[in-house]
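Enquirer: My structure is below; once you've seen it, I'll send some questions.
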Amino acid sequence: MQSTTISMTYTSISENVTANITSDNGTTASSKKVLSLLDQLNQYDEFKAAVVINNYYLYVLCALGIPGSACALITICRMKPLTSSSVYMAMLSLVDAMNLVFKLLYLLLTLYDVRLFDNGCRTMFFLGTFLMHYSNWLLVSMTVERFIAIWFPLQVTKLCTKRRAFINMIVLAIILMALNFQFYWTTIELPHKVYVWQCSFVDEYVHFITKVWYWIDGAAYSIVPFILLLIFNTMIILGIKMASSKQRMLTNKIDKTQNTDKIKHQQQITIMLVSISVVFIILTMPNCAFFIIQDYWDYTKDVHTYAQYFLVYNIVFFLSDLNHAINFYMYFLSGRKFRTMFINMICCCRKKPLRRPYSTTMTQMSSVSMRNGSAFNTTLSSQQDILKNSANGTDHSSNSTVNTIA
């Protein structure tokens with residue numbers, strides 16, 4: 001078999017699909033004619049495009065997403081103070097990176113026909129599905145926290161704490177693990193007519209997987225997060241508008257100037273969350289729609305239809321996986337504070353240290369003046385403080401000059 005033929009990232013297209021595809025003349029293709037069937041599929045541009053996407057898209061996403069997630073994680077951890085929102089964002093970056101690494105690992109194992117055995121298949125299905133669910137629900141948790149901050153500002157210090165964020169992430173992980181634990185008794189490795197081995201499902205649980213889990217998975221992965229994000233982001237935008245109107249009517253001119261910065265800060269966070277949510281909806285809803293339509297699409301009636309199905313299948317999963325690779329770039333484009341911190345972090349690595357002899361000379365002069373009780377002791381001491389602050393990057397004007405030069 002050619003290495004470019006059906007080496008899918010996911011094996012949810014079960015063995016009987018391949019066995020039941022009918023050829024162009026209407027006859028059913030037997031397992032002995034699989035190679036000729038693949039030759040027929042290779043005649044269609046849809047299948048060729050699907051194979052290219054399937055074989056290479058994960059490498060591209062990993063090249064973009066893993067470094068991006070690492071940069072996001074480092075930048076967020078350096079942002080002070082570390083808030084509950086920062087904790088969620090850091091965990092989301094970590095989970096996104098794990099998602100991409102895990103998918104690439106599974107692709108390589110199946111591509112080279114590495115036998116996983118029953119427990120390997122169960123672990124792969126369990127962790128793969130759990131990480132996808134967990135990533136989306138972390139985004140929901142971030143949005144709910146932002147909703148609380150906008151609508152219940154007096155309760156923020158009580159409800160939106162780092163401790164509560166950690167507790168929420170642990171509880172969320174336990175719930176989603178319990179939801180996906182069924183893979184440990186429904187999944188098994190079986191010999192395959194085309195591949196050497198394939199992770200499949202125990203016969204007695206096929207009905208549960210195709211009729212029950214089919215909808216549970218879709219709801220947990222896409223449908224419910226989509227609805228919640230739509231509702232809470234709408235409420236956040238309304239809350240921001242209402243708060244801005246009240247502040248404009250009730251505050252005086254000085255307070256307006258002070259509150260304008262607060263309003264802009266709130267708007268920046270809102271823009272970032274709404275942008276990420278919109279991207280999530282765009283990239284994951286095709287996945288949900290595809291698996292709803294799949295039940296009503298007779299894609300095994302002929303070879304050309306199956307080639308079209310295979311193309312749609314790969315595009316859908318490409319879009320879903322893209323969601324785990326672009327969060328860093330969304331943070332950078334829509335979050336001014338995040339963008340500033342990241343740029344400062346990069347520029348900081350390029351800064352040249354101040355020359356030591358000059359600082360030492362001033363320190364010695366200051367020490368001499370202190371011993372002599374000189375009248376200009378206070379002046380030199382002040383100059384020393386300024387130089388120390390400049391060296392430590394705490395003087396705003398000096399810091400701005402250094403950043404500008406860098």
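Just so you know, glycine gets a Cβ as well, placed from its N, Cα and C.
Residues annotated as domain 'G-protein coupled receptors family 1 profile' in TrEMBL: 68-331. Per TrEMBL, the feature transmembrane segment maps to 56-76, 88-109, 166-185, 219-240, 271-294, 306-332.
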Enquirer: Give, as a single whole number between 0 and 100, the mean pLDDT over the domain 'G-protein coupled receptors family 1 profile' (68-331).
Expert: 84
Enquirer: Go through the chain and flag residues at least 6 beyond the ends of the transmembrane segment (271-294) whose CB is under 8 A from any CB in it; none is fine as an answer.
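Expert: Residues 136, 139, 142-143, 146, 214, 218, 221-223, 225-226, 229-230, 233, 236-237, 312-313, 315-317, 319-320, 322-323, 326-327, 330-331, 333-335, 338.
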Enquirer: Check for me, if you would, whether the transmembrane segment (88-109) reaches the transmembrane segment (219-240) - at least 3 Cβ pairs under 8 Å, residues 6 or more apart in sequence.
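Expert: As far as Cβ distances go (cut-off 8 Å, pairs 6 or more apart), the transmembrane segment (88-109) and the transmembrane segment (219-240) do not touch.
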Enquirer: The transmembrane segment (306-332): which same-chain residues, six or more beyond its ends, come within Cβ distance under 8 Å?
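Expert: Sequence-distant neighbours of the transmembrane segment (306-332): 6, 9-10, 13, 21, 41, 44, 46-47, 49-50, 53-54, 57-58, 61-62, 64-65, 68-69, 71-72, 89, 92-93, 96, 99-100, 103, 132, 135, 272, 275-276, 279-280, 282-284, 286-287, 290, 297, 299-300, 338-339, 342.
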